[in-house]
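Note sheet for the following structure.
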Amino acid sequence: MLKFQTVRGGLRLLGVRRSSSAPVASPNVRRLEYKPIKKVMVANRGEIAIRVFRACTELGIRTVAVYSEQDTGQMHRQKADEAYLIGRGLAPVQAYLHIPDIIKVAKENGVDAVHPGYGFLSERADFAQACQDAGVRFIGPSPEVVRKMGDKVEARAIAIAAGVPVVPGTDSPISSLHEAHEFSNTFGFPIIFKAAYGGGGRGMRVVHSYEELEENYTRAYSEALAAFGNGALFVEKFIEKPRHIEVQILGDQYGNILHLYERDCSIQRRHQKVVEIAPATHLDPQLRSRLTSDSVKLAKQVGYENAGTVEFLVDKHGKHYFIEVNSRLQVEHTVTEEITDVDLVHAQIHVSEGRSLPDLGLRQENIRINGCAIQCRVTTEDPARSFQPDTGRIEVFRSGEGMGIRLDNASAFQGAVISPHYDSLLVKVIAHGKDHPTAATKMSRALAEFRVRGVKTNIPFLQNVLNNQQFLAGTVDTQFIDENPELFQLRPAQNRAQKLLHYLGHVMVNGPTTPIPVNVSPSPVDPAVPVVPIGPPPAGFRDILLREGPEGFARAVRNHQGLLLMDTTFRDAHQSLLATRVRTHDLKKIAPYVAHNFNKLFSMENWGGATFDVAMRFLYECPWRRLQELRELIPNIPFQMLLRGANAVGYTNYPDNVVFKFCEVAKENGMDVFRVFDSLNYLPNMLLGMEAAGSAGGVVEAAISYTGDVADPSRTKYSLEYYMGLAEELVRAGTHILCIKDMAGLLKPAACTMLVSSLRDRFPDLPLHIHTHDTSGAGVAAMLACAQAGADVVDVAVDSMSGMTSQPSMGALVACTKGTPLDTEVPLERVFDYSEYWEGARGLYAAFDCTATMKSGNSDVYENEIPGGQYTNLHFQAHSMGLGSKFKEVKKAYVEANQMLGDLIKVTPSSKIVGDLAQFMVQNGLSRAEAEAQAEELSFPRSVVEFLQGYIGIPHGGFPEPFRSKVLKDLPRIEGRPGASLPPLNLKELEKDLIDRHGEEVTPEDVLSAAMYPDVFAQFKDFTATFGPLDSLNTRLFLQGPKIAEEFEVELERGKTLHIKALAVSDLNRAGQRQVFFELNGQLRSILVKDTQAMKEMHFHPKALKDVKGQIGAPMPGKVIDIKVAAGDKVAKGQPLCVLSAMKMETVVTSPMEGTIRKVHVTKDMTLEGDDLILEIE
């Protein structure tokens, strides 16, 4: 039954939750005077202070908190009835170790008793004595017992006297490294240093060899001094792979001692407990009996009173060794409370008031184990970085609760600031179940419910522990973490909502993250998506491809009656008109409509070329994800990509195995037709790309890049014979489809008729595909001429995305062929709806639209031969530099540069080379004659020099001489195919490097992105790791962020939608930040955003750049307590550079490389943030 006592302020529940026995005093024991406690002060902070306050409130006792200057915002001071500052002007830890201030607060405010909590002064006999001397009760053992038990060496002697087995070790604290040497000589390695006046893993260091002895002794001494105010150490033999079992004891002032069974604390890291379990699983009953009886025997030996813990190591043979007594409440007391139903803090207070254990209904025979309890300490430590403490502001805190879950929390709330000064504990989560697996399941569920944003936590690591089969079987020892490296295969939290808020806030404060060429806002009107029928889309040419393979697909195309169209709207059209900036978000919205209404298309060009790197570089999207998502939405129409031969989708040469692997993975992700070309029509490069695409199982479409005019007999370099000869080689190489790729739109109707009819006559069974641009305005006429001459497929873009430097109009071709033998079978009214969508979508990209400076196409393209996309770019660049009126000169220079380089075929990257040389000539006021005459002295653009060296292949007709020799002088020249001499890239090694850098699962697609664009990919991964899945934002939000008071939805995935409202942006704070407020799913959220413009005018410590080898950054926030090197010193890999201290833990920063110290950026006692630059090595 429950026993109550009337006290001031109400009823008091005695120190047991449930008891079947009435309170009876022990017989023949002198009764002490009962002195009720009316006011308790907790000389501690964080969750243990809150735990004691709650117990006091339940007992009707008034509570008093103390706090340091650094803890003014901490929750424990708010949970108490009164709170007082201590340690003014002292270091953070020293404030809670300042006995005079604590005693002064107690005496001045009528405190009856002081509860020490754990850590800090809890095991300091001088503190217990100071309380006693001041007439204030110390809720704990007597000062003498605290002294004996707190001095681990004396406690060891007492254990020996009581007949309790101990680990071989020193009899008293050691005071020199020499004594440590002597002990290791006697007992051998491994040995362990332990702080003589405290626990919790502080001051503990294991040493395995003489070489490690000095460094570990120094660190252990320093840690013990910082944590407990005394650096004394003792040393003992280290028992390998033991279980760490501790027994909870409770004594009163009448000599009654009982135990509350044991806890298993074997899951540790650096002797710091991580997960605690009660009772210990699979513990032999006889061993349990020996452990508990030895614990009671030891407590009686010293006349122990109040709560305490006796700790043991149990070796693999079941032999136990006494370690120490913690004469205080333990962090993990909670699990004992859960399985015994005894409130230990209540009991502590009652014992201090003079109550006996029998009075409280606490008899050994009544203490029973009920089920199993597990405690996890949720901390702001990053398991991926060796559990380094993280600091910062908690942006979101949502805990896991429910049946069987208890939370003992500290300052875990939204807006709380986690400092580097104290322990990193956020909350203790305790799960109680009928057995170990049940408790583990409840704990796992609760941790999965947690949402902590703004600081890193150890929750992913704890979840791995809870799911580990060895843990679930209950057979763990202290090496569990070290022997299970898979525990560190952490599944990163998605944290998508908070990351997106950070992005939106960043844009609201700093403007767009992608360069905006024209200051024009996106259209405020969202494009209307036409109605899409329910059900699967109708069959299309891809169904034929999947059924009959590439050869059968090619036959079907050739046998088709009527003209087939390829739609370039999803790639080349927006590359030409909108600087390749169209986002997956807008492509996905219209994709289902295309699938249902345009199944008669030959294919859709939607991938490859410039879209690949631009997606990562400027849109912060994964190009592979775009392909995957579009494939899912359009399963019936073949996809086509642009493959730059041996350059794949890059601008340089790659090892052959990279090109082959790229095509293989592209095919696996849904790519069908590979349009393979080379910017110089260099056959070896094209053949490699064709082989790679073919071996992947794709449709090979060899594309001959077109320039000149085959209908003009004066243009002899690129004659009909040239194209026919090249076509022969490509057909012989096994192409499934032959393409003429007219990048500048130079094909005139007469040339179309001549070239296509010749190809049709020569290759009657081969599908012919023609690509052009409409810069001149003659694109529709040219494509009709091609169709009439025998072409099977021509390229078009939907009307609102056609014309100018894009492809000819889809609607125009459909209308012109309707009712003729060339009928496309594409419904014209569906083209209108499709076009209307893109007209609206185009308005979202107004800042990138070529019409900002270009109002029409121009027939002068027949003279300058500038490809469509490049024509747009050059036109815009000229206007943005104030040279719009001189664009004519740029085009003239382009013609001259082309002739200087030997009259090239111009398509990326050769077109860029010509463009670079043209701009170089304009900027330097050079004519062709002047540039050629001064070729030996001029510093030409790098792209020009590398072209002349042979880096992109050999142009038709060879390199221009003597210009080439003048420019190159003695630079090396490449003979043959540029990539042929490159060794294979180790893709497995690259994957490992990516995992090491980005710390998450890396896909084959990621590996290939990194192989193609290593720097761009790294920046993309870093950006999205910070800002989340940006492709889920609509384009207006992506470019300019929301307006204040704007409400909107963001769909993360099917069935998961965020409701967001932008509320306000604050003024600038002293750290150069602005606070941005949102409402997310009805709850207030705020984030801090650095104002990049304002920070340029403020001084901050530099950050270490991840990509700069030799820049060493702080691995965690903390204080510099030792610098071991100076500028000019030579260092070896692994050599200590400096020592940081944070949260009472020290970390040695070591050199990752051999070199010389160039500069040291820190001084002793400097406080650093994470990644602050410490020093530079060269």
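Backbone N, Cα and C atoms are what each Cβ position is placed from, and that goes for glycine too.
Computed from a predicted structure; not experimentally measured.
Feature list (source: Swiss-Prot):
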BINDING   K152, E236, H271  ATP binding site
BINDING   R571, D572, A573, H574, Q575, R644, T908  substrate binding site
DOMAIN    36-486  domain 'Biotin carboxylation'
DOMAIN    563-832  domain 'Pyruvate carboxyltransferase'
DOMAIN    1109-1178  domain 'Biotinyl-binding'
MOD_RES   S21  phosphoserine
MOD_RES   K39  N6-acetyllysine
MOD_RES   K79  N6-acetyllysine
MOD_RES   K241  N6-acetyllysine
MOD_RES   K297  N6-acetyllysine
MOD_RES   K319  N6-acetyllysine
MOD_RES   K661  N6-acetyllysine
MOD_RES   K741  N6-carboxylysine
MOD_RES   K748  N6-acetyllysine
MOD_RES   K988  N6-acetyllysine
MOD_RES   T1003  phosphothreonine
MOD_RES   K1124  N6-acetyllysine
TRANSIT   1-20  transit peptide
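Neighbouring residues of the recorded ATP site, listed in sequence order and excluding K152, E236, H271, comprise G169, I192, F193, K194, A195, M204, F234, I323, E324 (Cβ within 8 Å of the Cβ centroid).
Taking the modified residues K661, K1124 in turn, the residue surrounded by the fewest other Cβ atoms inside 10 Å of its Cβ turns out to be K1124. It is K241, among the recorded positions K39, K241, R571, H574, K741, whose Cβ has the fewest other Cβ atoms within 10 Å in the structure shown. Counting other Cβ atoms within 10 Å of each Cβ, the lowest count among the recorded positions Q575, T908, T1003 belongs to T1003. Looking just at the domain 'Pyruvate carboxyltransferase' (563-832), the mean pLDDT is 96. Residue pair R644 (substrate binding site) / K1124 (N6-acetyllysine) shows a Cα separation of 53 Å. A sphere of 10 angstroms centred on the C-beta of A573 (substrate binding site) encloses 28 other C-beta atoms. Counting other C-beta atoms within 10 Å of each candidate's C-beta, the binding-site residues E236, D572 are led by D572. Neighbour counts were taken as the number of other C-beta atoms within 10 angstroms of each residue's C-beta; across the modified residues K748, K988, the minimum falls on K988.
Note on proximity: among K152, A573, H574, the binding-site residues of the record, the Cα nearest K1124 (N6-acetyllysine) is that of K152.
Taking the Cα of A573 (substrate binding site) as the reference point, the closest of the modified residues K39, K241, K319 is K241. K988 (N6-acetyllysine) is 30 Å away from T908 (substrate binding site) when you measure Cα to Cα. According to DSSP, the residue listed as 'phosphothreonine' sits in a coil region rather than a helix or strand. Annotated pair K79 (N6-acetyllysine) and K741 (N6-carboxylysine), C-alpha to C-alpha distance, rounded: 75 Å.
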